[in-house]
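Here's what Swiss-Prot has on this protein:
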type: BINDING; residues: 11-12, 32-33, 39, 54, 75-79, 92, 143, 169, 177; note: NADP(+) binding site
type: ACT_SITE; residues: 139; note: active site, proton acceptor
type: BINDING; residues: 168, 179, 186, 200, 201, 202, 203, 213, 292; note: substrate binding site
type: ACT_SITE; residues: 177; note: active site, proton acceptor
């Protein structure tokens, strides 16, 4: 049976297509918008049955043109948290997602989709409950509003609906994301260009470089998506992070030490990296004061209760792998 991946040429979508191929699945319809043509590179080493533009796809899917579809991995969205065109964001992330959802419900197709930790906004609790959700930008609101639709239809849905609130994702195939690419990606490129990584200094009670995020490898995102694909009886909205809050210092030191290892140089402690000028702290920008999250950490209680019990990569494990992959692409 046919599988469909929207956002297939993007960061997470292309990693899903590749993982499905590795499981022997090649009857995949890839859906995307290649206005940014450079994204095609993410699909060069993948096997797909067909490619469709996102607009053509949703119309044809609603008509039932693709016969029996087993599942849709809906990863397509505008993920730029700096986007200020609210009409575009809502059309792309909310209205379009509703159209795909409606067609899945009508045809009994498994629907696995990307939500976001941006639904929590400035909250200090990250649990899948309405009272802690307070998005701070229109991107977060578009994801939040769609999650509310899901909550209303879940009690009567006769096919799987599984949404995943992605936290700070890093890993292969993200280079097209430019400013929205991961901290690890930018640290890698900055170190190669300047010989050092720059991090924010002290802010809001956090020491220099000690502001934390839940950083999660795209490898783990793919594994969770495939776990739920294999368990169509499991539905709901789930946090998808590592469950750990790790500081930006961990990302930077792992990137630098991984690159040093590739050059045959020994690993250095954080203090040594700072002393040698390989990590540098800069004043916290005034423009970000009052708008910056110093802490995120996914509560994985609900995900674990749904049966996903595999461990998640630490920053040290996942970023080291990623740096080695990036170095092989240069």
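Here the Cβ of each residue, glycine as well, is placed from N, Cα and C on the backbone.
Here the features listed in Swiss-Prot are painted onto the structure.
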residue : record                       : Cβ within 10 Å
11      : NADP(+) binding site         : 26
39      : NADP(+) binding site         : 22
75      : NADP(+) binding site         : 27
139     : active site, proton acceptor : 24
143     : NADP(+) binding site         : 27
168     : substrate binding site       : 20
177     : NADP(+) binding site         : 16
186     : substrate binding site       : 17
201     : substrate binding site       : 16
203     : substrate binding site       : 17
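Residue 139 (active site, proton acceptor) and residue 292 (substrate binding site) are 16 Å apart (CA-CA, integer value). It is 32 that, of the binding-site residues 32, 79, 292, has its Cβ surrounded by the most other Cβ atoms within 10 Å.
Rounded to the nearest whole angstrom, the C-alpha distance between residue 186 (substrate binding site) and residue 32 (NADP(+) binding site) is 25. Cα of residue 143 (NADP(+) binding site) to Cα of residue 168 (substrate binding site): a distance of 15 Å. DSSP gives residue 11 (NADP(+) binding site) a helix state. Residue 201 (substrate binding site) falls within neither a helix nor a strand when secondary structure is assigned with DSSP, and so counts as coil. If you take the Cα of residue 177 (NADP(+) binding site) and the Cα of residue 168 (substrate binding site), they are about 14 angstrom apart, rounded to a whole number. Between the C-alpha atoms of residue 203 (substrate binding site) and residue 32 (NADP(+) binding site), the distance comes to 39 Å. Just so you know, the Cβ of residue 77 (NADP(+) binding site) picks up 25 other Cβ atoms within 10 Å once every protein chain is counted.
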